[in-house]
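Asks: Quick one: the structure is below, and I'll ask about it shortly.
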Amino acid sequence: MLGNITPVSFFKTWVLKKTDVHVMISAREVFPCFIFRVFLLFQVFSRVHTLTNHANFEFEKSLSSCDKPCYNGVCLNKACVCSKGWYGSQCDHCFGRIRISDNASYISDGPLDYSPSAKCTWLIEPENSATPLKIRINSFFTECGWDYLYIYDGDSVYGKQLAALCGEQPSQEFTAASGKALVHFFSDLAINLNGFNVSYESNRCAYNCSNHGSCLNGKCDCEDGYKGLNCEYQVCQLSGKSTESPCHEGQCVDGRCECLSARVHGETCQMPVSSSVWDLIHPTNNAPTGKASHASIAIDDVVWSIGGEFFDGSSDPNNIDVYNVTSRIWSKVEVSGDMPKPRFDHTVVKYKNKLYMFGGVTKTQVRHQTTQAATNELWIFDMGSKKWAQQIHKNETIIAAPFAVAGHSAHVIRSEMFVIFGYNPLFGFMHHVQIYNFETEEWTVANTSDHVYGRFKHSAVEYTTPTGATAILVYGGSMWNNTITDSLMQFDTSTKKWSNLPQSGVQLYLHAAAYLNGLMVVVGGRGSNVTAGSKSECFSNMVQSYDVACKQWSNMSTAPVDLKRFGHSVHVIGQKLYALGGFNGKMKSDVWTLSPAKCSSATRPDECRLITDGTKCVFVDSSCVPFDPTVSYKSSFASMIKSSTPKSFDECTNTPLRLALKTCEEQTDCVSCASKSGCGWCSSGEQCLPNEQECVDGPGMLTSWEKCPQRNSVATMRPCNMENNCGSCRISPHCTWYPIDKASPCVSKEDLSPAFFLVHSRRKGKNRDPNQYQAADMSRVPRAAAFNSLAVVYEYETKSVLADRNKFLSPSHFPSFFRNATECPMPCAQRNNCSDCTDLEQCMWCPSTNRCINLEAYTLSFAYGQCHSWVTSGSGSVINRVCQAESVVCEEHKTCGECQRDPGCGWLADDSKTGLGLCIRGTSTGPLEPKPENSTWYFIDCPACQCNGHSTCFTSVGSFPPVTIEKCQSCQNHTTGAHCERCAPGFYGDARNGGVCSPCDCHHQADMCDPVSGQCFCKTKGVTGDRCDKCEAKYVGNPRNGTPCFYELAVDFIFTFKLRSDDKDNHTSEIYLYSVPYKKDTDVTFQISCESPKGNALVALNMTSSYVNGLADKSQAMMVDTICDSKGFRRVYVASDKGYPFGPDSNTTFFVRVYNFNTPVQIVVSFAQSPPINWVLFFVIFAACFIVLLVVAGLLWMIKVRIEAYRRNQRRIDEIEHMASRPFASTKMELSMLSQFSSAGGPTPLSIEPCSNYRAGVFTLAVRLPTGGKAVTPSGTSGLAVASSLCLLTPQQVGVLQAQDNGESNSGRKSNFRNLLRLTIRQRPNNND
């Protein structure tokens, strides 16, 4: 490492390297010359030693002056100078290619977390490369599914691929039989983790053959009694029981362990029968190449494995591998006739004597490139004739089955094949259940009203329900938005209905499941993606079981670590479960078997219940037996007599969840379910569940009966917000796609307003970009109108989608459908190149597979590291350059550095020493194609300078430190840059590798253009276009002919131009204006100001005019190079001057040019024509107006006074009349002496005021005040008072007081009062009675 050398040794090393050349040359010369050169060499060494001693202190100081350590480099001038293959401020990130020739060493991404977008390649070529190479993974932790370390056996990627490691990997070893290895690391932009540390050692096999064999030609030659790739498994050879036998409690019989006791089982009789046991099966012959995502099926005691994903360099992927579990022999089926394309993520089922293979992702090799595509092909394999035949579909519409799917599951029920879910590149995650009838050869879609989400790479098993129907259990899988689910659902094949079952609590996909002893056993899988703060398992070895009868999940005994994998398959044969293949960073071909626990090992009921590993037991008749769902078990006699009420047998453990589930399942409708405490209604499956659970899909759980739908309501349509793909949204007749709403782009047509049909009719017939959404230009339209517009634009016409399926599948026919019929953007799957793919934001281009996919489908499509890099719309501003740089077509790379970032390419440089060359496929030894003459192959390093054919390399040596400097001399052909890799200012093109730089074609309207695309940076405001050949709106001119674009300034208006430092105005440095004064004999005032933080501007003003009297046109410069600042200036041009003829007859025009400014700038400019003011006339008019104003004001004031007086008098009259209309009367009172007694019998009221209801009234009476025992009241005090009281009225009083008719005079009221008084007097009681 350079970081460990001393300054002196570094200096001496450089001198020795330089002198080696002279020594080799001197060997060919005569002896005297040699002596002379030795003398000079001695003088050089002496001088070097002296310089080193003097400079040692300063050099050491410079090396130690960096703030942070330089891990893979040296510190010079307070900065780290990195060694080859490293970069970063601390030389802590790997970069480019490195060749390692040591017999034993290590490689690493760096001491810290690896960098984003890393591409690092190590070529391990030990000196002893003729012997096998052992590669050991010491530590490894990267982002699961995104950041991979690829290991190849050989000196290039064209050798056999050994691994594609990601996630968290255990310590493991590999053997490169060729003695060489190429290791390539790729990371993306998102998450950066600890990385890896890998060591290697030459002349070793992996694990040293477990010390039970010898390494021969890269393979372990095992000793007797040991097998395996690394001799890691001991097998029995000698018959009978032996101390050296691997059989723990058994003996060897015909090469296998035969257990001597019924209490143990397993491959080596190592486990008691009360527990399940996993065993690795050692096949009798060599296993085939490892693979994953294959399709397999168990027929009798044979497993057929078809297709799958393989590593590069593996055997023929079309092979059909067959494994016999009884004989433990692998074999291949010889197939004749037509062959289907290689594929993975497909399914295979058996009906009668034929195998049916449907769907998956096909792989096509075209010119060293692999193209992948999802398919809906159905192939039939005749097991008798060993021939394939493709079944041609009868449906001719793309919106009918069969849909192309991958990652689905298939099940044979009676004479039909049920295809569950899967991913379709056009419609996303399919929620449909496709049904194929073997007899009629017709495809249909199950008509179900339940609303569920589609899934990818779930697991599914079929079983027979207690009612005799066949149901399919579907567990886990990946859904839209990269969501992994732990849900379990059941599909009834008779009623075509979905129902919800308890979740497992573990999110998995790419797992496998089988039905064993009443249990759904789920093995392995891939968990959630790794994030920066968590360590979720990328490869799982978890084994779960779901009790179908009890509806309970449980975890089985811990499986071996070697079982961590995904993409495998499992089958049940002879009461055992077999797991085959899969991926855990390596493609696996091993076979594991699960031997479930045996019920007979239990003797007590409690022991019987505890046996749950791979089986389900019940204690009946004093014995523990396997549970059979078709048998009705009864309770024992002892348990019956102990209880007052006999109970039926319950084989399940009554957990709180199960009790709640049992209670809720008794409710059959929404109202009763929601009314039950602790229960909720799932409308998607019309099922009642405990509210601790969740509805699998569709709307949320209903826990209030008031929210339940009506009993007689029609089944609801699938909610539009459950569709997350434009294609799936469009095939729903009640939905439409609204891309502006990012949260829920699929909306119901019922929510749209009919107010936008007019808008659509105006748009109809206009040219539209078919690749863009039709709502992209509706930002100014109200939301309701925009909704309806999309309803019209996206109106689905069934006639438009009728097309021959073969034509539809071709790329040339597909765009017309999606552009004209559904108005959806072209799907990612139909974009066939990088630039088209990245035009759509949600698309991602994978160069290594030549495939464009949706962002949400990346981890689904490339679960095994098939994508070595990817490009999206956010990868860079010049997307074409990024696409070119990431291409796997070597010939598209233009420089040596870019070429070597692709591990499959090398640089073939010509011998002109100018940097010209060709990037082609090759290995470290040379190109794969024939090498042309006069060329040199570079696989690790690059030629000096790399001047791209525009210069030659110049070499010089620095004074101190003595570092060789190689640089390009003056670049020619209008190029610039350290390697002449860019076009010089004023030119554009691709200067790399001899490219041509052309002058910017900007019609003299720009000084510079984009050096790559040639897009002109127009310097004149108002000029636009890639070639500055058009004028913007409101500007006039013809830039093509050299005439700039002018903006007209209307007279007597102020104009403000704000030019910002953005992409639009960043290069603007001038603006042209003009104004036409239309008033004759009126002065013209020109005013302008220029405010900019980057300096002042200059102004030029010209005036042109033509005379009506026949004189020639006249043009004169009014000002030139006049400085314009923030204060501005003002000029007045007098109309009386003969040189300024204004008015329509003279056709005078002012032309203004504001130039030499830098943005941002604000320009305020105006032309004004105001006639001179006649002050006498002004004051006369002003005085007249003022007098008129006073007169009018006086008149208005007088009118106001008159009106107010009239209103005041009128109000007074009304008040007097109102007071006069009040009831009043006079009365005479006779005061008797105190000693006298009145014969009248009592007082009479002075007045009576009846209430509104005439039932009571206020009686007012005169009251004599007390005198205090004297004859009269004291002097100054009144002797009388008026008192009032509320009293009831008699009928007679009411009759007198009743209100009279309208029109009765006020005098009548007074007479009524008198009558009342007389009535009161008559009714006074007689005291004599």
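Cβ atoms are placed via backbone N, Cα and C, with glycine included.
Grabbed the feature section from Swiss-Prot, which reads as follows:
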| type | residues | note |
| --- | --- | --- |
| DISULFID | Cys70-Cys80 | disulfide bond |
| DISULFID | Cys82-Cys91 | disulfide bond |
| DISULFID | Cys94-Cys120 | disulfide bond |
| DISULFID | Cys205-Cys215 | disulfide bond |
| DISULFID | Cys222-Cys231 | disulfide bond |
| DISULFID | Cys247-Cys257 | disulfide bond |
| DISULFID | Cys259-Cys269 | disulfide bond |
| DISULFID | Cys945-Cys953 | disulfide bond |
| DISULFID | Cys947-Cys968 | disulfide bond |
| DISULFID | Cys971-Cys980 | disulfide bond |
| DISULFID | Cys983-Cys997 | disulfide bond |
| DISULFID | Cys1000-Cys1009 | disulfide bond |
| DOMAIN | 94-203 | domain 'CUB' |
| DOMAIN | 1000-1047 | domain 'Laminin EGF-like 2' |
| TRANSMEM | 1176-1196 | transmembrane segment |
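If you look at the structure here, what lies around each of the features I listed?
Replies: In the shown protein chains, 23 other C-beta atoms lie within 10 A of the C-beta of Cys70 (disulfide bond).
The number of other Cβ atoms within 10 Å of the Cβ belonging to Cys82 (disulfide bond), over all protein chains shown, comes to 22. In three-state terms derived from DSSP, Cys82 (disulfide bond) belongs to an extended strand segment.
Cys94 (disulfide bond) falls within a strand segment according to DSSP. A simple way to gauge crowding: the CB of Cys94 (disulfide bond) has 25 other CB atoms within 10 angstroms, across all the protein chains here.
The DSSP secondary structure for Cys215 (disulfide bond) is strand. With a cut-off of 8 Å between CB atoms and residues at least 6 apart in sequence, the same chain places Pro132, Thr175, Asn203, Arg204, Cys205, Asn208, Cys209, Asp221 near Cys215 (disulfide bond), listed in sequence order.
Counted within 10 Å of its Cβ, the other Cβ atoms near Cys222 (disulfide bond) come to 21, all protein chains included. According to DSSP, Cys222 (disulfide bond) is assigned to a strand segment.
In the structure as shown, the Cβ atom of Cys247 (disulfide bond) sits within 10 Å of 25 other Cβ atoms. Taken residue by residue with DSSP, Cys247 (disulfide bond) is part of neither helix nor strand, so it is coil.
Cβ environment of Cys259 (disulfide bond): Cys247, Glu249, Gly250, His265, Gly266, Cys269 lie under 8 Å away, each six or more residues apart in the same chain. In the three-state DSSP classification, Cys259 (disulfide bond) falls within a strand.
For Cys953 (disulfide bond), the number of other Cβ atoms no farther than 10 Å from its own Cβ, over all displayed protein chains, is 17. In the three-state DSSP classification, Cys953 (disulfide bond) falls within a strand.
DSSP gives Cys947 (disulfide bond) a coil state; it is part of no helix or strand.
Taken residue by residue with DSSP, Cys971 (disulfide bond) is part of neither helix nor strand, so it is coil. Sequence-distant contacts of Cys971 (disulfide bond), defined by Cβ-Cβ distance under 8 angstroms and a gap of at least six in the same chain, are Cys947, His950, Ser951, Gly977, Cys980, Ala984.
Its own atom aside, the Cβ of Cys983 (disulfide bond) has 28 Cβ atoms within 10 angstroms in the protein chains shown.
DSSP gives Cys1000 (disulfide bond) a coil state; it is part of no helix or strand. Here Cys1000 (disulfide bond) comes close to Gly986, Phe987, Tyr988, Ala1006, Met1008, Cys1009, Gly1014, Cys1016: these same-chain residues lie at least six apart in sequence, with C-beta atoms under 8 angstroms from its C-beta.
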Asks: Going by C-alpha distance, which of the disulfide-bonded residues Cys70, Cys231, Cys945, Cys983 is nearest to Cys94 (disulfide bond)?
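Replies: Smallest Cα separation from Cys94 (disulfide bond) among Cys70, Cys231, Cys945, Cys983: Cys70.
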Asks: Filter the disulfide-bonded residues Cys70, Cys82, Cys120, Cys257, Cys945, Cys953 down to those whose C-alpha lies within 10 angstroms of the C-alpha of Cys968 (disulfide bond); answer none if the list is empty.
Replies: Cys945, Cys953
Asks: For a quick check of packing: other C-beta atoms within 10 Å of the C-beta of Cys997 (disulfide bond), how many?
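Replies: That number is 23.
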Asks: Just checking: which of Cys82, Cys91, Cys983 have a Cα that is within 10 Å of the Cα of Cys70 (disulfide bond), counting only these disulfide-bonded residues?
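Replies: Checking each Cα against Cys70 (disulfide bond), the hits are Cys82, Cys91.
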Asks: Give the distance between the Cα atoms of Cys120 (disulfide bond) and Cys91 (disulfide bond), rounded to the nearest whole Å.
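Replies: That comes out at 14 Å between the alpha carbons.
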Asks: Out of Cys945, Cys947, Cys1009, which of the disulfide-bonded residues is least crowded by other Cβ atoms within 10 Å?
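Replies: Checked Cys945, Cys947, Cys1009; of these disulfide-bonded residues, fewest Cβ neighbours within 10 Å: Cys945.
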Asks: Rounded to a whole number, how many Å is the Cα of Cys945 (disulfide bond) away from the Cα of Cys222 (disulfide bond)?
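Replies: Between the alpha carbons of Cys945 (disulfide bond) and Cys222 (disulfide bond) there are 53 Å.
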Asks: How long is the line from the C-alpha of Cys82 (disulfide bond) to the C-alpha of Cys222 (disulfide bond), rounded to the nearest angstrom?
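Replies: Cα of Cys82 (disulfide bond) to Cα of Cys222 (disulfide bond) measures 46 Å after rounding.
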Asks: Could you state the whole-number distance in Å separating the C-alpha atoms of Cys257 (disulfide bond) and Cys231 (disulfide bond)?
Replies: 18
Asks: Starting from the Cα of Cys80 (disulfide bond), work out which of the disulfide-bonded residues (Cys91, Cys222, Cys231, Cys953, Cys983, Cys997) are within 10 Å.
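Replies: Near Cys80 (disulfide bond), where near means Cα within 10 Å, the disulfide-bonded residues are Cys91.
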Asks: When you rank Cys91, Cys983, Cys997 by Cα distance to Cys231 (disulfide bond), which of the disulfide-bonded residues ends up on top as the closest?
Replies: Cys91
Asks: Out of these disulfide-bonded residues, Cys91, Cys120, Cys269, which one has the fewest other C-beta atoms within 10 Å of its own C-beta?
Replies: Cys269
Asks: For Cys80 (disulfide bond), just count the other CB atoms lying within 10 A of its CB, please.
Replies: 23
